[in-house]
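*Asks:* Copied straight from Swiss-Prot:
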- 1-23: compositional bias 'Polar residues' (COMPBIAS)
- 1-58: region 'Disordered' (REGION)
- 60-118: domain 'Tudor-knot' (DOMAIN)
- 169-440: domain 'MYST-type HAT' (DOMAIN)
- 202-227: zinc finger (ZN_FING)
- ILE312, LEU313, THR314, GLN319, ARG320, LYS321, GLY322, TYR323, GLY324, LYS325, SER349: acetyl-CoA binding site (BINDING)
- GLU345: active site, proton donor/acceptor (ACT_SITE)
Amino acid sequence: MGSSANTETNGNAPPPSSNQKPPATNGVDGSHPPPPPLTPDQAIIESDPSKKRKMGMLPLEVGTRVMCRWRDGKHHPVKVIERRRIHNGGQNDYEYYVHYTEFNRRLDEWTQLDQLDLDSVECAVDEKVEDKVTSLKMTRHQKRKIDETHIEGHEELDAASLREHEEFTKVKNISTIELGKYEIETWYFSPFPPEYNDCVKLFFCEFCLNFMKRKEQLQRHMRKCDLKHPPGDEIYRSGTLSMFEVDGKKNKVYAQNLCYLAKLFLDHKTLYYDVDLFLFYVLCECDDRGCHMVGYFSKEKHSEEAYNLACILTLPSYQRKGYGKFLIAFSYELSKKEGKVGTPERPLSDLGLLSYRGYWTRVLLEILKKHKGNISIKELSDVTAIKAEDILSTLQSLELIQYRKGQHVICADPKVLDRHLKAAGRGGLDVDASKLIWTPYKDQS
């Protein structure tokens, strides 16, 4: 969304032509009339050279780096990603879409000029020259919070694809959504149909996931919508938690809407339009009004690589409740029912690997603590449905594997196991396998 160049005058009048009359004088001495009084804005600029210099910077170019006041009241370094004119504003009246360089792209937002410290302006950087990854400068608390809430999509992208992806999705198109009783601030761009390009906020039916431009449309829809839970089969219920299996082929519109919704909170997720190939497992909190989606994961119906999970999301309004860990555990319970080992789709992001490594660590160490005698990696894989390579890499990262006489040996000192278990943290909500009523997918065609 480039901006066309504007022709600007320098404010100086052209010299009079030969056939023009000289300006009238004001008195016998031939002097010019006194200039008109300065406006307040002009007076400020004239009396404050720094103000004049700052005004000369405007509008800021895309790529400019500057300090920006965030909602915490503090200034943070940002990079201008895009700009747009303010309706009915002056020549230099723009809003600026900025990326906080210390933080994840999900915090990118439109800002007003008064949030920017023009004294800190650095000139625009050529994107072709600058091809660096900004290191995250976070406190331990901030990093832990992002580790616990971050969810990752189907795949990470190579450098060229990542640049193309970030250019196409650099400006968030939908700022907020309403879903059930929550108004949720979105994190990323999602490729909604063109007719929704002018929307800042979307209204979702929390049961069928149809989305609308206006609140009145949602209210009319809710009076007619018969659904009180996701379509598909309820395969698990324990207390107030339910899990529904949704076939992307049988419920195509729901599955596509779920992908649109998920992309608002997943950065490098590939949006699959061919949802026929996937099953979606939608986790809900249930009450007397219905079953309210809190998150989901998807998996391919047929995976040659033994992937048991393609994409996973816990909605922001339900995070930090253990649902992400529950979804990972549930994917392995399905693998056990299938009689197969499973693994998440690769490659994993750093934070995605962190989530899985935490799950694998807790599951494996609990077994090693209780087990008496020798146990092989294959036996651990058979019991847990975790792929042998994932078990080996996890135990190696904990330094619990030694190579002796041509084979890997697990060294499970009880004190060491306890220390690692404590470091791994809580396991989240437990999946009660006895409540799972499910038959593995078989192609009906």
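For all residues, glycine too, the Cβ spot is worked out from N, Cα and C.
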*Asks:* Measure between the Cα atoms of every pair in ILE312, LEU313, THR314, GLN319, ARG320, LYS321, GLY322, TYR323, GLY324, LYS325, SER349, the residues the record assigns to acetyl-CoA, and report the largest value in Å, rounded to a whole number.
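*Replies:* With ILE312, LEU313, THR314, GLN319, ARG320, LYS321, GLY322, TYR323, GLY324, LYS325, SER349 as the binding residues for acetyl-CoA, the largest Cα distance is 22 Å.
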*Asks:* Tell me, how many other CB atoms lie within 10 A of the CB of THR314 (acetyl-CoA binding site), whichever protein chain they belong to?
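*Replies:* Around the Cβ of THR314 (acetyl-CoA binding site), 24 other Cβ atoms lie within 10 Å.
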*Asks:* Would you mind reading off the Cα separation of GLY324 (acetyl-CoA binding site) from GLU345 (active site, proton donor/acceptor), to the nearest angstrom?
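*Replies:* Just about 16 Å between their Cα atoms.
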*Asks:* Please compute the mean pLDDT of the model over the domain 'Tudor-knot' (60-118).
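*Replies:* It averages 86.
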*Asks:* Six or more residues out from either end of the zinc finger (202-227), which same-chain residues have a Cβ under 8 Å from its Cβ atoms?
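*Replies:* For the zinc finger (202-227), the far contacts come to 174, 177-180, 192, 196, 253-254, 257-258, 260-261, 290-293.
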*Asks:* DSSP says what for the zinc finger (202-227): how many helix, strand, coil residues?
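*Replies:* The composition, in the requested order, is 10 helix, 5 strand, 11 coil.
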*Asks:* Just to be sure I understand the packing, how many Cβ atoms besides its own are within 10 Å of the Cβ of ILE312 (acetyl-CoA binding site)?
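*Replies:* Around ILE312 (acetyl-CoA binding site), other Cβ atoms within 10 Å: 27.
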*Asks:* Just checking, which of GLY322, GLY324 (binding-site residues) has the fewest C-beta atoms within 10 Å of its C-beta?
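*Replies:* So among GLY322, GLY324, the binding-site residues given, the one with the fewest Cβ atoms within 10 Å is GLY322.
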*Asks:* Return one of helix, strand or coil for ARG320 (acetyl-CoA binding site), based on DSSP.
*Replies:* coil
*Asks:* Could you tell me the C-alpha distance between ILE312 (acetyl-CoA binding site) and GLU345 (active site, proton donor/acceptor) in angstrom, no decimals?
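*Replies:* About 11 Å separate the Cα atoms of these two residues.
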*Asks:* Across all chains shown, how many C-beta atoms besides its own are within 10 angstroms of the C-beta of GLU345 (active site, proton donor/acceptor)?
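*Replies:* A 10 Å sphere around the Cβ of GLU345 (active site, proton donor/acceptor) contains 21 other Cβ atoms.
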*Asks:* How many other Cβ atoms are found within 10 Å of the Cβ atom of ARG320 (acetyl-CoA binding site), counting all protein chains shown?
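*Replies:* Taking every protein chain into account, the count is 11.
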*Asks:* Using DSSP and collapsing to three states, where does THR314 (acetyl-CoA binding site) fall: helix, strand or coil?
*Replies:* strand
